Amino acid sequence: MSSSDPKARPKPVTRPPAPVPPSSWAKRTGFKPKFSGETNASDSGQIALPPRSRENENQPDLEAGRARPLPPVVNGEQPVSEKGPAEKDQSVKKRREADGTNKGSSAAAANGHTVNNGAAPQPQQPTRRPSRNEDVVDVLPQNVDDEGFVGRHSHMKYELRDTPGLVPIGLYGFQHYLSMLGSLILIPLVIVPAMGGTYEDTANVVSTVLFVSGVTTLLHSFFGSRLPLIQGSSFVFLAPALAIINSPEFRGLNGNNFKHIMKELQGAIIIASAFQALLGYSGLMSLFLRLINPVVVAPTVAAVGLSFYSYGFPQVGNCLEIGAVQILLVIIFSLYLRKISVLGHRIFLIYAVPLGLVITWAAAFLLTEAGAYSYKGCDTNIPSSNIVSEHCRKHVSRMKHCRVDTSHAFKSSPWFRFPYPLQWGTPVFHWKMAIVMCVVSIIASVDSVGSYHASSLLVSSRPPTPGVVSRGIGLEGLSSILAGLWGTGTGSTTLTENVHTIAVTKMGSRRAVELGACVLIVLSLVGKVGGFIASIPEVMVAALLCFMWAMLAALGLSNLRYSEAGSSRNIIIVGLSLFFSLSIPAYFQQYGISPNSNLSVPSYFQPYIVTSHGPFRTKYEGVNYIMNTLLSLHMVIAFIVAVILDNTVPGSRQERGVYVWSESEAARREPAVVKDYELPFRVGRIFRWVKWVGL
């Protein structure tokens with residue numbers, strides 16, 4: 001009988017394959033969930049897949065935190081994506097034509113997907129279960145379209161290579177940067193006053209940060225990982241920068257302390273950035289990736305946010321009625337009003353930080369103009385040490401922190417100013433400060449690796465190859481060299497908050513990020529923009545930082561979703577890493593300080609003067625400086641504890657959540673992946689002989 005006879009055709013199996021029994025899972029991983037209380041992958045947050053041949057997979061709802069079922073497949077055709085009518089179809093069609101693949105391409109075969117191109121259906125083979133020696137570790141759920149492409153996530157409005165038009169890209173690019181306003185501008189508002197800089201110096205550094213962020217973002221988008229990630233001054237560099245600023249040798253300086261300390265920071269950043277570039281372009285990063293997994297990234301990044309608790313609310317308390325309102329507004333916008341949409345945009349969730357800043361600033365301005373912070377016979381321009389009246393001494397703190405007219409940065413800033421390299425002078429190089437920054441550059445690379453993996457799952461068909469990751473880390477090193485030459489005060493790296501912004505705005509187009517970077521460069525040339533940002537009151541800056549640092553800690557811990565978060569192994573490792581990241585630095589920071597000692601620095605900067613009183617007191621002053629500083633940094637302790645425990649304590653790959661990077665050979669056979677990560681302008685040909693950098 002002919003196989004084309006409909007009566008003789010075997011009926012396709014519609015039921016999903018039976019789940020793996022708990023007993024076999026326990027045998028494969030070494031755990032017995034019925035007795036030890038261990039949870040499985042889905043219960044603990046692991047995003048794992050059944051065999052990829054199933055096309056009716058559930059798409060994840062990033063907002064609701066649960067799977068969203070797709071409509072049933074009808075007549076062997078995939079349902080129309082919810083992304084949009086004609087615009088989505090056009091963008092998908094253009095992308096497929098650009099990839100140059102036909103139906104039944106080898107890309108689908110390489111990924112293990114079956115595609116129905118209208119031919120007679122074949123008998124469906126029973127789904128092969130993975131053997132006991134195989135590790136079921138995968139990434140976000142994916143589906144296959146009717147041309148054999150790995151389906152990108154339908155929840156994204158614009159995907160990695162979408163170019164819908166200048167106006168939509170411009171609007172979404174501006175939205176992307178505006179939603180990350182706090183991460184871009186707040187660091188200069190902390191470090192410049194700590195260096196003794198004036199409001200004018202703060203405005204100039206802010207303009208420089210915006211300029212360097214725009215330039216380095218363009219470089220990273222074209223020649224780095226090519227993911228839509230914004231480069232900027234990272235909070236990873238803030239703690240070591242404050243430690244260098246509060247070094248004992250800078251306390252007795254006369255003259256312009258700001259420029260002298262800035263040149264020291266520039267020298268340390270340049271050497272550390274060269275080390276990071278060498279780590280990436282030499283291929284050492286590909287080897288280092290074997291030690292970096294979600295269980296390492298999560299506590300390391302979380303420790304960065306948790307380490308600034310002594311600065312946040314103590315500063316807010318200087319003017320509680322403004323700082324507390326700022327925090328409450330951001331919380332209300334980002335949590336209670338996050339579902340409210342205006343013209344299809346969740347404006348309260350996306351713009352929680354800028355909206356809270358504008359409203360609080362306006363309220364503080366009205367209170368200032370109404371005379372709420374005006375006291376008879378008191379002048380804010382008189383230094384505190386020269387105030388004789390006891391009445392004025394009592395209210396000087398409120399006048400300084402609550403009034404919004406104490407800064408003259410906006411009035412004194414020029415309309416046009418071009419940030420140029422070496423604008424603060426020739427950098428000064430000290431090996432002890434450079435070594436501290438070199439270790440911190442490794443932490444920044446660990447942070448970026450987690451961002452690369454998470455963002456690639458949102459906007460791309462596949463994670464990058466280890467070579468692409470190495471290329472991105474190498475370019476971040478070159479970007480930090482530019483930051484050191486221009487004098488931003490910190491290095492440049494991928495902003496962790498970018499992943500959250502991509503998920504919230506649903507904008508994954510690299511063209512939007514590039515256009516936004518160009519707008520950022522133009523704004524940096526307008527001196528009044530830097531002056532306006534520099535005039536933000538310190539209390540509002542501290543209130544915003546409370547939210548930003550809390551977000552950073554949460555984003556770091558969110559990396560655990562790629563591992564078995566319910567595993568006792570991982571719980572103990574993360575718990576030990578976080579606890580010791582707070583406890584060991586506290587020992588170093590408090591060592592040798594008597595309770596009644598009268599320190600010359602503010603209380604919120606006392607954790608960063610450890611070099612003068614730490615427990616390391618050998619005859620080598622440089623060694624004392626390095627050890628006391630490094631072991632007082634929370635993120636360094638978290639990284640050391642996590643990387644040692646995660647790579648020595650036994651555990652399966654699924655339990656550890658080992659990052660799955662694309663294999664180079666398989667990636668080269670997939671035109672869509674090549675289009676995602678290959679270098680433009682045929683620059684990739686230069687790196688063909690360097691196999692460890694690129695596809």
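All positions are counted from 1 along the displayed chain.
Placed from the backbone N, Cα and C atoms, the Cβ positions cover glycine too.
Taken from TrEMBL, the feature region 'Disordered' covers 1-134. Residues or ranges marked as compositional bias 'Pro residues' in TrEMBL: 13-22. As annotated by TrEMBL, compositional bias 'Basic and acidic residues' applies to 84-100. What TrEMBL lists as transmembrane segment is 177-196, 202-220, 227-245, 265-284, 291-309, 315-336, 348-367, 512-533, 539-558, 570-588, 625-645.
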Proximity of the transmembrane segment (315-336) to the transmembrane segment (348-367), 3+ C-beta pairs under 8 angstroms: yes
Maximum Cβ pairs under 8 Å to the transmembrane segment (177-196) - stretch from the list 202-220, 227-245, 570-588: 227-245
Two-stretch contact, the transmembrane segment (265-284) and the transmembrane segment (291-309), at least three Cβ pairs under 8 Å: no
Residues of the parent chain within Cβ reach of the transmembrane segment (291-309), under 8 Å, 6 or more residues beyond its termini: 235-236, 238-239, 443, 446-447, 449-450, 496, 545, 548-563, 570, 573-574, 577-578, 581-582, 585, 633-635, 637-639, 641-643, 646-647, 656-659
CB contact flag for the transmembrane segment (625-645) and the transmembrane segment (348-367), at least three pairs under 8 A: no
Beyond the flanks of the transmembrane segment (227-245) by 6 or more, those residues with Cβ under 8 Å of it: 160, 176-177, 180, 183-184, 187-188, 190-191, 194-195, 209, 213, 216-217, 219-221, 261, 264-265, 268-269, 304-305, 307-308, 433, 436-437, 440, 443-444, 447, 451-452, 455-456, 459-460, 464, 472, 476, 479, 483, 488-496, 498, 502, 507-510, 512-513, 516-517, 548-549, 552, 605, 608, 610-611, 629, 632-635
Residue numbers, six or more beyond the limits of the transmembrane segment (570-588), whose CB comes under 8 Å of its CB atoms: 295, 298-300, 302-303, 306-307, 557, 560, 563-564, 607, 610, 614-615, 628, 631-635, 637-638, 641-642, 645-646, 649, 651, 655-656
